[in-house]
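J.: Provided herewith is a single structure, encoded as structure tokens, for subsequent inquiry.
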């Protein structure tokens, strides 16, 4: 047993210090990034925000809507090959280039992934996702997928420390997904005592990834546009959002009427609800590590994504960053004990 004395920080522990700016308007800020990925050699440009691979968030409808904003969707892994076929055949390259194909790590997942990728040359992104990215099994699976699909852009996770980021990149991942337990419907930290404050995880993992020519996705913990900006400021190349994009007409969650109001079911992918739906219940040897909540129906996701991007543009103007790429260079975090004045309630 050992104790690390360094304080680790989450988004609520800091604010970004304003700096002089020559920008006259938020409209001058460019949120598009261009990346050339280490192993695949592929180049992608767009707004590096990703809808999380949850079946009550990342539906095909979500992918179609977010592609209009140059935003990515990690489409959840529970669609059948037939459903993927219908989607791919009905969409343009402009949509498909903003889609990530999600996969588990079983032999069946590998076969299904290969069948889906074969449907279109525009499907370039793979999201390999397991809750515990510290498993050697994940590293072996990344090697297997890289060997079978050398042209694909592979993201893998989830992890929270630089050593594992480096191992996954060396094994063949272009991008590493960072975050254990910060999500709004995740209870891993409560059930297991395991986790890492998300901002510190992003800062440390970005440093490790960038040293090897890789990228990271900050996955989880964002509850407002300011948190998204802090994630980018901390060095995240991409930011993945679940709860912030849940509850919309494109999210795919079950719609329920409660007391005359439209509500949408949203749940973690290790929750009782998810395991009842996809695995026939919670196995006897494990515990559910997610919540199920009802969110007020929020209409179209277009308004929400515009609000998020508007907030990040505003962050850039406050620190003098003309582009999202410059934001991390212009970011100085200050530790705080307060975030906002809630005398009239929260935003």
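Every residue gets a Cβ built from N, Cα and C, even glycine.
So Swiss-Prot lists these for the protein:
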| type | residues | note |
| --- | --- | --- |
| ACT_SITE | 186 | active site, thioimidate intermediate |
| BINDING | 108-131, 216-239 | NADP(+) binding site |
| BINDING | 181, 183 | K(+) binding site |
J.: Quick one: give me the count of other CB atoms within 10 A of the CB of residue 114 (NADP(+) binding site).
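T.: Excluding its own Cβ, the number within 10 Å is 13.
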J.: For each of 108, 186, 216, 228, count the other CB atoms within 10 A of its CB; which of these recorded positions has the top count?
T.: 216
J.: Rounded to the nearest angstrom, how far is the Cα of the residue listed as 'active site, thioimidate intermediate' from the Cα of residue 108 (NADP(+) binding site)?
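T.: About 26 Å separate the Cα atoms of these two residues.
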J.: Taking Cα atoms as reference points, which of the recorded positions 181, 183, 186 is nearest to residue 228 (NADP(+) binding site)?
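T.: That would be 183, the closest of 181, 183, 186 to residue 228 (NADP(+) binding site).
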J.: Whose Cβ, among the binding-site residues 181, 183, has more other Cβ atoms within 10 Å than any of the rest?
T.: 183
J.: Only counting partners 6 or more residues apart, tell me which same-chain residues put their Cβ under 8 Å from the Cβ of residue 222 (NADP(+) binding site).
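T.: Listed in sequence order: 11, 228, 231, 239, 241, 244.
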J.: How would DSSP class residue 216 (NADP(+) binding site) in three states?
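T.: It is in a strand.
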